[in-house]
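> There's a structure below that I have some questions on.
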Amino acid sequence: MIHLLATGGTIAGEADPEAGHGRYRAGVRPVEALVAAVPGLADAGPLTARQILALDSKDMTPADWLAILAATRTAVADPSCDGVVILHGTDTLEETAWFLHLSLPAGKPVVLTGAMRPADHPAADGPANLLAAVRLAASPEARDKGVLVVMNGTAFGARRVVKARCSGLDAFESPEPWQAARADGRFAGLAVAELPRVDILPGYAGAPADLIDASVAAGARGLVLALCGHGSVPTVWLPALRAARQRGVAIVRGSRAAGCVAPDANADDSGEGWLTAGDLPPPKARIALMLGLATGLSGDSLRSALLACGS
């Protein structure tokens, strides 16, 4: 039995004639209608469907991640469940996939999918993606791989997948095949009602230090710096970052470019008390930091967790 959990997204979207210009409303079709629109789905095996959210994924929040996690935990705990498929908007799909990858234990397959075209598009990609996701979730080969993503006939591991293009059916990519993915689940014991606030601050020419002050004043317990190059920290930011550290704010140095930001390479991370993102893009480094803080990690234990996530 595959458990299908729907959260909205373009895969459940419909054209918005009042808005025009090809715009659409995401998350308006119920999961029952999406299932009924997939030829051959009944032949893929028994399936149960549940609508848990109906969102455009640009509006997804950490509270919604916790709701999806709770629903997924309930599904995988069912002895009849062979795997879980989650329908999700593509804008933040990689973030939810990574959050679940870190928060679920190894075992039954969990596969996220979505669509780049709304459900009423004459060449909608959602039905094919849904069918492919169900087939993968039912496959024994997908066990113990952690959370997977299926888009446009290709599967990806949650850790490395990114939405690399803003349009086109081939919007998602990863540098490694899904078969190389491995389960993580280092935060599978997560039991919180709310995740701590962690902000991403972009580095750019002339970026002011008051970005840091504003985040700290708003209650951020952690900051992920999406910096230029090899995580190059603007000199003008240093006093504000040091003040944030004195207030107990965790700081992760990352890059807006691809590649690995290694500890003490191009910055005195040890001296400043900063963490590094490794090869995680800033949104995924943010999630790892949120989970580390939520589970009470600090100091060397938090540093070790971030290093493990980003390497």
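Indices start at 1 and increase along the chain as displayed.
Any Cβ shown, glycine's included, is placed from N, Cα and C.
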> Using only what TrEMBL says about substrate binding by Thr90, Asp91, identify which of Ser57, Ser80, Ser103 is listed for that site too.
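My reading of TrEMBL gives Ser57 as the candidate in that site.
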> Across the whole of the domain 'L-asparaginase N-terminal' (2-182), what does the mean pLDDT come to? Round it, please.
96
> Which residue among the recorded positions Thr10, Ser57 has the fewest other Cβ atoms within 10 Å of its Cβ, if you could check?
Ser57
> Return the maximum Cα to Cα distance in Å (whole number) over the record's substrate-binding residues: Ser57, Thr90, Asp91.
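If we measure all Cα pairs in Ser57, Thr90, Asp91, the largest is 7 Å.
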> Sort out the sequence-distant neighbours of Asp91 (substrate binding site) for me: same chain, 6+ apart, CB within less than 8 Å of its CB, listed by position.
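Non-local contacts for Asp91 (substrate binding site): Asp56, Ser57, Lys58, Met60, Lys163.
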> Taking the Cβ of Thr90 (substrate binding site) as reference, which residues of that chain separated by at least 6 in sequence fall under 8 Å from it?
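In sequence order, Gly9, Thr10, Ser57, Gly114, Ala115, Met116, Met151, Lys163, Ala171, Phe172 meet the Cβ cut-off.
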